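Annotated in TrEMBL:
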- K95, Q158, G190, D221, K364: UTP binding site (BINDING)
- H191: substrate binding site (BINDING)
Amino acid sequence: RSDHAGGPRESLASVRRSSQRDLKGFKQLFHRFLQVKGPSVDWAKINRPPEDSIQPYERIRSRALPEGVASSLNKLAVVKLNGGLGTSMGCKGPKSLISVRSENTFLDLTVQQIEHLNKTYNADVPLVLMNSFNTDEDTKKILQKYTHHRVKIYTFNQSRYPRINKESLLPVATSMGLTGENSEAWYPPGHGDIYASFHNSGLLEQLLAQGKEYIFVSNIDNLGATVDLHILNHLVSQPAETRCEFVMEVTDKTRADVKGGTLIEYEGKLRLLEIAQVPKAHVDEFKSVTKFKIFNTNNLWISLPAIKRLHKQNAMDLEIIVNPKTLNGGLNVIQLETAVGAAIKSFDNALGINVPRSRFLPVKTSSDLLLVMSNLYRLEAGSLTMSEKREFPTTPHVKLGSSFTKVQDFLRRFESIPDMLELDHLTVSGDVTFGKQVALKGTVIIIANHGDRIDIPAGAMLENKIVSGNLRILDH
């Protein structure tokens, strides 16, 4: 572990050191924030990326893998962004500790995937978790259960920055504490913070010393983000002088993805454009599926020596995302954030790879959870793949109403997860429960109006049905 503290005195000193470092980093970000006025892009200068800057995955996959895959794997470390809490799904603690499939959490699946890789190829790919002050303690407690797994696990912490009052632009914190009136005064400043935090933790140097050349970074809740040997091979097989320092996996936009960041060419560089940077008048254009056809999956492959070089030169110019929040007491604050993918413009020979949708399987809501728990996917060595029994490769569109938002409510409403192999679309609203072994096919819409309740009976098969009104089945 890179981050164990010594005795109490040393740990106090290290806390002080990291607080000073955080405040120094915040100061730089805040100064940049004060200098930038208006949207950070000039819409007229935006161009579609040149043809060769986004390669189809098929082209990269078509090259045969060489014999020495293990030696390429030994140049890789996997970094998972693990700073988020499970609050949006009604869970306490880190999101990565929510069970997603047969009692396995996001973290379990990640460890299984990498362990499988290490065993299969006799390799040594470590797992690195970027925690936040919200998730660090709980995550470290749970890591003990992986001590006998064939994966080295390292952790480091992203920064802790002060939220600022929207009007006065002053920090709302009254002390460095995290409790009481200061419990909402601090925030982790987005995943763009990875570069500085990774460097400051000493882990970057440690991995370079171990001969690691690339990191594969992804969100821990994206179950499709597994190590892809073809992309890794593409990176390590290039001549040193034209070596690609940054790969962003992108995938085709559907109507569900209109808010995702997209790749553009801007002032001769490949650049990530996020919805927050778009001038109001152009937001609809940004959301269109025709002009911007792809979006960033946040699966990124980044050169470690390049991170070191750019950090030294202070050359990572990450656009600032201003995120407005309202605290529990009603106070309006802003938090300044950056995104990891925004650094793409600072790296040499950066490339987008248009990957299949299967590499983007995020679990943000209980609707997503229903999909990944169902028979649409099969679980093998920590990886989820679409069942070959599914006739078409697209996932069904699932919208579960507010009664299903919290994971515990969701689990209570399904006695078992329905058969969804032939489902296209499911909408459920109101007080609805599902008995055991229900099958859903085609388009199914179930709406219980206020005060009504619908119990879908065990063994029911609903194909292209709309169910509404009141249906209570009581044991006799």
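A Cβ is built for glycine as well, from the same backbone N, Cα and C atoms used for every other residue.
Taking Cβ-Cβ distances under 8 Å and a sequence gap of 6 or more within the same chain, the neighbours of K364 (UTP binding site) are S88, D221.
Largest Cα-to-Cα span within the UTP-binding set K95, Q158, G190, D221, K364: 21 Å.
For K95 (UTP binding site), applying a Cβ distance below 8 Å and a minimum sequence separation of six or more within one chain yields G84, L85, G86, M89, F106, T135, I220, D221.
Of all Cβ atoms in the protein chains displayed, 22 besides its own lie within 10 Å of the Cβ of D221 (UTP binding site). Around H191 (substrate binding site), the same-chain residues six or more apart in sequence whose CB sits under 8 Å from its CB are L81, G83, M130, Q158, N219, N298, T338, A339, V340, listed in sequence order. In sequence order, I321, N323, E337, T338, A339 are the residues near G190 (UTP binding site), counting only same-chain partners six or more apart with C-beta under 8 A.
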